[in-house]
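Trainee: Take this structure first; my questions come after.
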Amino acid sequence: MKIALPVFQKFNRLISSCKMSGVFPYNPPVNRQMRELDRSFFITKIPMCAVKFPEPKNISVFSKNFKNCILRVPRIPHVVKLNSSKPKDELTSVQNKKLKTADGNNTPVTKGVLLHESIHSVEDAYGKLPEDALAFLKENSAEIVPHEYVLDYDFWKAEEILRAVLPEQFLEEVPTGFTITGHIAHLNLRTEFKPFDSLIGQVILDKNNKIECVVDKVSSIATQFRTFPMKVIAGKSDSLVVEQKESNCTFKFDFSKVYWNSRLHTEHERLVKQYFQPGQVVCDVFAGVGPFAVPAGKKDVIVLANDLNPESYKYLKENIALNKVAKTVKSFNMDGADFIRQSPQLLQQWIQDEEGGKITIPLPLKKRHRSQQHNDQQPPQPRTKELIIPSHISHYVMNLPDSAISFLGNFRGIFAAHTKGATDTIQMPWVHVHCFEKYPPGDQVTEDELHARVHARIIAALKVTADDLPLNAVSLHLVRKVAPTKPMYCASFQLPANV
């Protein structure tokens, strides 16, 4: 026991040192004066030791039986190739990981097992490895050799690189968050990070293969069309026209000229799935490039889609054609207030334009069995289905959260005008109006209080009372929190008949 005790203690010390801590042991070199990205600065050579076995099968045996003796660091494989036709200086972390059986000259590649990161030399290995591990190596004629492992810029994550180059006072909140729209990454850098925008943008561009361009929002949304001034901080700037996939649809648009928010995809999907039914008529008052209208049209919902922004209207038409929903979606370029007031008339005009008030929609051809293809002389006949356009509108979508509630007054009287005052004979439409309900930081506001505030704004805009539209008749869905004290809601309710 007196002989075994030091060995046991030594083995325990190694096990203890091998346990993975939450801190990654290999951080990139630091240069807080860097303003233009220098990738070569991050090449780091780490002295290690590897075990080389004459019999390759012993690699797995040693790795399994002596787990606490081998390198166990995330993102670094413990099995590496030990010989290469390239000089060590040219090795990169990517090449370290390519474990092929032969190099470019068909020379067999010898693989080895990297020892624990605390072992930096052959002398370290003989001093730190437990005796049973050393005995196994000796029995199998293994050789402990020095090995230089090379890490480079590609090895580290974006946050790790940025933490190595940004000033220390910014390390608590390294700006790595962004939204992706098509091939564009969109950042909203705070003022203190603006001097480092090109550095931040280039790192994000490098670390995300699908991104070709990184933009930063220069100021808050202030234009009439909810677009914002932006700066290209990395990547190509010749075209900001993107293609974005959402709800099994493809949307094409110029990201700098229209409003698009990728974070709203679940809200687009929610309304289309939960409320809009095939054959119903939906008016999308602030349609943008069609994230509500186009998926609804694919579902055989009949949509009147409107947007005031000429660029949005241009791409709305293009997306209608691109997604083959021209039969069920009509586009308009009007002010939202005018569109609401004229919507019953626009629907009646559509009905008149279609023969018999019906829309004929082509269906995909039925796939024929191979035997039918040989036997039938006639090609498959085109198939169609018909949708009767209803004479009433079932839903209005108003996704303009800054000001949509202020447009509600335009509903007053429009149905009476088209039904000769007999509004009790028609089914009043549902309105889905998006809004913000901001409150001061520090205020303790309950969800019920916020709901009551939104309800009060709605009935005030409609010029009705709480008896006409009770709070419990309004469904309030929290879409997202734009900021901790700025929730965005979608209020859904059926218009009161006395509107």
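The backbone N, Cα and C atoms fix where each Cβ goes, glycine too.
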Trainee: HIS268, ASP307, LEU308, ASP335, GLY336 show up in Swiss-Prot as binding S-adenosyl-L-methionine; which entry in ASN140, ASN188, ASN399 does that record put in the same site?
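Mentor: Record source Swiss-Prot; matching candidate: ASN399.
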Trainee: By Cβ count within 10 Å, point out the most packed of the binding-site residues listed: HIS268, LEU308, ASN399.
Mentor: ASN399
Trainee: Go through ASP307, ASP335, the listed binding-site residues, and name the one with the sparsest Cβ surroundings, counting other Cβ atoms within 10 Å.
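Mentor: Fewest other Cβ atoms within 10 Å, among the binding-site residues ASP307, ASP335, is found for ASP335.
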Trainee: How many other Cβ atoms are found within 10 Å of the Cβ atom of GLY336 (S-adenosyl-L-methionine binding site), counting all protein chains shown?
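Mentor: I count 20 other Cβ atoms within 10 Å of it.
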Trainee: Where does ASP335 (S-adenosyl-L-methionine binding site) sit by DSSP, helix, strand or coil?
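Mentor: Reduced to three states, the DSSP call for ASP335 (S-adenosyl-L-methionine binding site) is coil.
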